[in-house]
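Student: The annotation topological domain 'Extracellular' is assigned in Swiss-Prot to 1-45, 103-117, 181-205, 271-291. Under the heading N-linked glycosylation site, Swiss-Prot lists 19, citing sequence analysis as support. For 46-72, 82-102, 118-139, 161-180, 206-228, 249-270, 292-312, the entry in Swiss-Prot reads transmembrane segment, with the evidence type sequence analysis. The topological domain 'Cytoplasmic' annotation in Swiss-Prot covers 73-81, 140-160, 229-248, 313-353 and rests on sequence analysis. Per Swiss-Prot, disulfide bond is recorded for 116-193, and the stated evidence type is sequence analysis.
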């Protein structure tokens, strides 16, 4: 057939592509319904399983330690620490789903529709809550350093309300996954877990992808760029060396988040534009998108275990807090404790909770 002159709709008019949806979690294509025969359905599945297993172990251990250190230090807990506590909780909840995703890479989705919805929801909530919490941290740092404001963020009930609101908004943004994900069975391939919106799939895809990505990624990203831009300018102008050093942890956390999730978001945007025919779809482009989705998804999954490593290597206060816990329980000598062991990851904050 002539790939240049005919559209895919004309070439495959007799086929039903209403359920042909590219999931962020499981097989990006189903050979019996896809307009192109994929060159490669997925990255080597056993390689992916090994990565998932390592991320699961590192995330489980690392985020548990982060939560332990923050929860143990009630007196010196800063506003930023509360946000980081919720960030660790989100990563930990997602990590608990990784064994299920790993098994599905080998055997297909054998866990039914209920678990399909639950683990997909946890992944989306982890993504949205992560960037929303980072946006809140950027606002907190902006108020504390640029405006020297303490009154807005030092009240405990307000910080708790903000965190609860972030979880609620993240659930709302992830609601399409909860509503439309299900186990899909197709001939010649293993069962899969992905969105199924029936005959309205094409009509809803743009709305259900672009809106959550806009409000759950682009808007918080713009907030962070604004806040950290002015924060950095203030730090350099005032030569606030100590606070500048304390901000290294937060900047590292934000940078790692963007490096892990921005590529996936861009590829998902390209996939959405292609599926809604804003960008012409060809077999070559389809295969490139498939491979990019697989690769960038793995990069995003890696993020759930990286924050504790940042705290361990860059966050001096986290190391001090962990050593303090070990000393209290007699695992190390108290003489090895540093003089300043306040367990706040980022130094002074705009308030304490």
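From the backbone N, Cα and C atoms, a Cβ is placed for every residue, glycine too.
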Student: Just to be sure I understand, if DSSP states are collapsed into helix, strand and coil, how many residues of the topological domain 'Cytoplasmic' (73-81) fall in each?
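Tutor: Taking each residue of the topological domain 'Cytoplasmic' (73-81) in turn, the totals are 3 helix, 1 strand, 5 coil.
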Student: Restricting to the same chain and to residues at least six past its boundaries, which positions have a Cβ under 8 Å from a Cβ of the transmembrane segment (46-72)?
Tutor: 81-82, 84-85, 88-89, 91-92, 94-96, 98-99, 101-102, 105-106, 298, 301-302, 304-305, 307-309, 311-312, 318, 321-322, 324-325, 343, 345
Student: Could you give the number of helix, strand and coil residues in the topological domain 'Extracellular' (271-291) as assigned by DSSP?
Tutor: 14 helix, 0 strand, 7 coil
Student: Does DSSP give residue 193 (disulfide bond) helix, strand or coil?
Tutor: strand
Student: For the transmembrane segment (82-102) against the transmembrane segment (206-228), do we get 3 or more Cβ-Cβ pairs below 8 Å once near-sequence pairs (under 6 apart) are dropped?
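Tutor: Checked: the transmembrane segment (82-102) vs the transmembrane segment (206-228), no contact.
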Student: In sequence order, which residues at least six apart in the same chain have a CB under 8 Å from the CB of residue 116 (disulfide bond)?
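Tutor: For residue 116 (disulfide bond), the qualifying residues are 109, 181, 182, 183, 193.
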Student: Mean pLDDT, the topological domain 'Cytoplasmic' (73-81)?
Tutor: 78
Student: Using DSSP, what's the helix, strand and coil tally for the topological domain 'Extracellular' (103-117)?
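Tutor: Its residues divide into 11 helix, 0 strand, 4 coil.
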